Structure formats: structure tokens, C-alpha cells
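*Asks:* This is the structure I have questions about; it appears just below.
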Amino acid sequence: MVVSEIKSPLTPGGCSSSSVHRKELSVFFLESDNRRLALGRGYTGGTTPVNIRGKPIANLSKTGGWIAALFIFGNEMAERMAYFGLSVNMVAFMFYVMHRPFESSSNAVNNFLGISQASSVLGGFLADAYLGRYRTIAIFTTMYLLGLIGITLGASFKMFVPDQSNCDQLSLLLGNCQPAKSWQMLYLYTVLYITGFGAAGIRPCVSSFGADQFDEKSKEYKTHLDRFFNFFYLSVTLGAIIAFTLVVYVQMEHGWGMAFGTLAIAMAISNALFFAGTPLYRHRLPGGSPLTRVAQVLVAAFRKRGAAFTSSEFIGLYEVPGLKSAINGSRKIPHTGDFRWLDKAALQLKEDGLEPSPWMLCTVTQVEEVKILIRLIPIPACTVMLSLVLTEYLTLSVQQAYTLNTHIQHLKLPVTCMPVFPGLSIFLILSLYYSVFVPITRRITGNPHGASQLQRVGIGLAVSIISVAWAGLFENYRRHYAIQHGFQFSFLTQMPDLTAYWLLIQYCLIGIAEVFCIVGLLEFLYEEAPDAMKSIGSAYAALAGGLGCFAATILNNIVKAATRNSDGNSWLSQNINTGRFDCLYWLLTLLSLLNFCVFLWSAHRYKYRAVETEEDKSRAYL
């Protein structure tokens, strides 16, 4: 066995002081040529981009960059257009066409949104483990299109919907319309969840795949990456704006079939554009199953839980030799002193022998991957609250808008168009971000990008608190106005003297919150995630969004049960004028404030990932 010793940072040597603080174990790190590599693969070239066949790209100047990113932006814009088009229209479709109760329709759509985001972990896993990001997007974007085609067919043919005759608005409210048959609802849920799983495969991969198109060795890499994530979210916003305007207009003028068909056509065009850009894309090799590597670390650490670092059997912390890791698509990760119990997985003992099982002994890099995944969890977890608020806005604020005047002079906007205003505010903020926000904050923080990623997440969470607090204030005023002017039991009647554009304040504030929080989070997760787990890192953001949708449903059910009175009414009564949506908004404000405090604590404790440069590594060999 060929073994080379790397002196401990705590022993005299040429290591930097930052490395000393990172590493606390006063031991020798051992690098051995004897190692069973994951899935039988050899050493990799770090994060060197390859072509679609897995071969190194001879001339990087002919691939990647902003041109390749444009094709990816188009795919994401269409996917978001379909996602938001379904989210804003499906509740109404289930209520008015499938004759489901509003509460049931709302919960069904919330669950659809939650599953489509939470299951993004599956898409991220497949991309990082086996398929790569490109193939994962290609497969799931096709599934997405098939789901949209199924929804379009279901809305276009009468056999898939219940009888619509003798079903006016009063009959709908009283529940006297013919209900959908069980097989009709089964068909709708099937195609809806096919669409959701399609989105789950795309979402964690698109932003990471787009970021892969830029050369991390370039001096402008950080600037390109920062601008990429802002433009990426701009494409998300454009898709949402189109969904809340064009798709709503098509639905009103040409019916549900044409509305959903528009989403399917947009997705088909985006798929064609995505595949057309194939020769331009840069790819990263999948690093093998990340879940297997995580499981190996946990099992090995558990098996050696009784071993001591001071034991006479202790040889060192295990790592493969040279500058390259044993994981495809990954550089080596320096050892850190956190989660010392996980270091037991890399604890090489004499009894391990020359060819230790990967379930008994893991490399330091493999252990550090798990540590990074654990360290990342609190940050996206704190954004679950923002997702919960956004989910509540999709249903609660639309119900508010039904009672308000949506006219702009002689132009009447449909209620379902109201969510377009957060998108417009996001578009405006992103347009002014580099010309206004960055120069101002740069003077305050000294950060060349204006604010760090965690600072931007914190700004977004703070603004979301202001948004939901204002929503509570306005809803309290709107409810009292309705009661005072005789609209208490006319909750689907617009009050002509109270404009819906007071809702724009909460909409625009939540739009600003999204810009700072979500864009900062995506960039943070991409940069901090291990090299071979970028898609899993991005899936954290989608998972947080999905948990927010589920949390909204759970919170609504708890509120209904806890506040239901003898008359059967609760804070979330179907009659918004007799309910207390304002109290729910105040509850959300309190929860958001508590969540913000947790975020500040988590961000303060977070240690950014350290990456050793080639110079650092060469100096370690003494």
C-alpha cells in the first residue's frame, strides 16, 4: 500500500490560519492507492465540463455561456407558465366545472403544488446519481407535456366532466350541481399528478444546468453566476405574468380546453427549443448515487461509534491520493471540525485492511458531503414560511378580490388576473436591481454584489413580514366595510366603492420578498452544495416550497377546527365577510416573525463551505 502523509494543520507546517480553524483533529490524513471507487469509476477531473457523450470538451468557447443559457431560460419560462397557469385556474376549474366544493378544490391544488415541489428531491437524485441534469430534464419535460395534453383533453371533451346544465351560481354555492363521477376525478388527478411529477424532475435541474454553462475558472464567474440567477428568476416571472394574463384571457374568451391547450402548446415549443440547444450545452458527469454515499457515511459512522481517535488501532482519516476525489464530478473537500461523530466514518483502523468496504470506511470528501447537506438544511427550512404565505395568497387574496371593484376606469380585470401584480413587481425589481439596489447596498456592506446571498434571503423574509401584516390590516378594514354597507352575506358581490387595488400593496411587497429570498437562496444552494450534489442542493429550495404548500393545508385545517363556532363558521368560512381572514393574516405575521428570528440565528451560525485551491493543496504536502 502506497501511503503519503499530510501533516495535521495543528502541527507545525505551511498551512494557512483559516485551515487551522477549519480542522481540529491533530491527526494525520492518510491517502491510499487501495480503494474501491463508487460504481467502479476512476478518478475524475474535478468539475471539468464534458459533452453529451461524456467526453471532455476540446474548445469550451464554442459551448456554454449566455447563448446556451437562453435555451434553458425558454424551457423554464414555459414550465413556470404552465405551473402558474394550473395553480391559478385549477381551483376555479374544479369548482365551476367539476363541481367540487371550494375548500376541497383549494386543498387539492395545494397538495398538487406541494407534491410537484417536494418530489423535486427525486429529480435531483436521478440527475446527480445516474442521468445527469440534461437527460433528467429531457425525460421529465416530456412527461410534463404529456400531462398537460391529458388535462387539455379532460377539459375539452364532455365525457370527462359532469353535466353542466341547470347549474347556475346559486346552485354551485348550495352544492346542487351534478357532482363529478369518481372515474372523472380519478382521470383529472392522474393527469394532474403526471404534470406535477414532470415539474418535479425539471425544477431542481434547470437552474443548476444553466449555471453549469459558465466557466468557474473565469475571473467573471461570480458576476456571471449572480446575473444568471437573477435572469433565471426573471424568466420564471415572465412565465407567471403570461399565465395570469394571456391564459386567463383565453379561458374567458375560448373556454377551459383552449386555456389548458395554450399551456401544452407553450410547453411543446419550449421542449423543441431546449432540444435544439443540445450541441451548445456543457454537462457534468453524474457522481453516482448521492443517497448511497450518504447512507455509507451514516452506516460506517454507526459501526465505528465506539472507536476512539486516540485508539492505538487508529491510523488516520482516510482519503484517496492526489488532488482528485473518488467521486465523479467532485473536487476534494477540506476536512472541517463540525459533526465530529460523522468523522468516525473516515476513521481508518488497522482492522480495516488493504481493501476496506465502503460501508465500513469512507473518504474525508464523502463525509464532508454529508456535513454540507446537514449544514444547509436550516437555511431553506426557514423559507418554508415564505412559501406558506405565497400559497395562502393564491387562494385568500383571490377570495378577497371577488368582493372588490377590479375596474380601471372602463376596463374590468378578471379576479384571476390579480396575482399578475406580484409578477410585475418582481419584473420591475429585477430590472432595477443592478442599477439601483446593488450600488446603494455596496456602499453599506462593502460587498461587490451589494449583499451576500444570506443577506438577500434575510431581506426577503423581512419584507414578507411587512406584506402579510399589511394584508391583515387591509382585510380587517375590508371586512368591516362589507358589514357596514350591507354586504355581509353577499360574498361574491363586488363592492363598487372599494377598489381591489389596495391588494397591490401586499402583492408588490410579496413580490419583492420573492426576488430577494428565492434568488438569493438558489444562488446560495448552488454555490454551497457539494460538486456532485448540485441538483440535490437546488431541490432543497423546491422541497421547502412544497413543504410550504402542505403546511398551508395543515394550518388551514387546524385553524378551521380550532375556530369553528356553534354555527359552523370559522376564520376560514366560505363567506369571507363572516369569516376572519384578518386573524389568519395576523397569525401568519406572528409565525413569520418567529421564523425570521430563527433564520437570523441560523445564518449567524452558518459556516460557508471552504474549497481548497490547487496552491493550498500543494502546500499541504510537506
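Using N, Cα and C of the backbone, Cβ positions are placed for all residues, glycine too.
OK, TrEMBL features for this one:
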TRANSMEM  81-99  transmembrane segment
TRANSMEM  111-131  transmembrane segment
TRANSMEM  143-161  transmembrane segment
TRANSMEM  186-206  transmembrane segment
TRANSMEM  227-250  transmembrane segment
TRANSMEM  256-276  transmembrane segment
TRANSMEM  372-393  transmembrane segment
TRANSMEM  413-436  transmembrane segment
TRANSMEM  457-474  transmembrane segment
TRANSMEM  500-526  transmembrane segment
TRANSMEM  538-559  transmembrane segment
TRANSMEM  584-603  transmembrane segment
*Asks:* Between the stretches 81-99, 111-131, 584-603, which one has more Cβ pairs under 8 Å with the transmembrane segment (457-474) than any other?
*Replies:* 584-603
*Asks:* Applying the under-8 angstroms CB criterion, which one of 186-206, 227-250, 584-603 scores highest with the transmembrane segment (143-161)?
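*Replies:* Going through each listed stretch, the top one turns out to be 186-206.
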*Asks:* Hey, which bits of the same chain come close to the transmembrane segment (372-393), Cβ under 8 Å, at least six residues off its ends?
*Replies:* 110, 113, 294, 333, 338-339, 419, 422, 454, 457, 460-461, 464, 467-468, 471, 506-507, 510, 513-514, 517-518, 521, 524-525, 528-530, 533, 536-537, 540-541, 543-549, 551-552, 555, 584, 588, 591-592, 595-596, 598-599, 602-603, 606-607, 609
*Asks:* Please indicate, using numbers and ranges, the residues of the same chain that are 6 or more beyond the transmembrane segment (538-559) and have a C-beta under 8 Å from a C-beta there.
*Replies:* 107, 110-111, 113-121, 123-125, 200, 203-205, 207-208, 376-377, 380-381, 383-392, 518, 521-522, 525-526, 529, 570-572, 584, 587
*Asks:* Six or more residues out from either end of the transmembrane segment (500-526), which same-chain residues have a Cβ under 8 Å from its Cβ atoms?
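*Replies:* For the transmembrane segment (500-526), the nonlocal Cβ contacts are 207-208, 211, 225-226, 229-230, 232-233, 376, 379-380, 383, 386, 389-390, 393, 397, 400-401, 404-406, 415, 418-419, 421-426, 429-430, 433, 451, 453-457, 459-461, 463-464, 466-468, 470-471, 474, 478, 534, 537-538, 540-541, 544.
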*Asks:* If we skip the immediate neighbours and take only residues 6+ beyond the ends of the transmembrane segment (81-99), which ones have a Cβ under 8 Å from one of its Cβ atoms?
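*Replies:* Counting only partners 6 or more residues beyond its ends, the transmembrane segment (81-99) has Cβ contacts under 8 Å with 105-106, 108-109, 112-113, 116, 144, 148, 151, 155, 161-162, 164, 167, 172, 175, 177-180, 184-185, 188, 192, 195, 199, 239-240, 242-244, 247-248, 251, 256, 259-260, 262-264, 266-267, 394-395, 398, 416, 419.
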*Asks:* Residues of the same chain, at least six outside the transmembrane segment (111-131), with any C-beta under 8 angstroms of its C-beta?
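*Replies:* Same-chain residues near the transmembrane segment (111-131) but 6 or more away: 83, 86-87, 90, 139-140, 192-193, 195-197, 199-205, 208, 286-292, 391, 532-539, 542-543, 545-550, 553.
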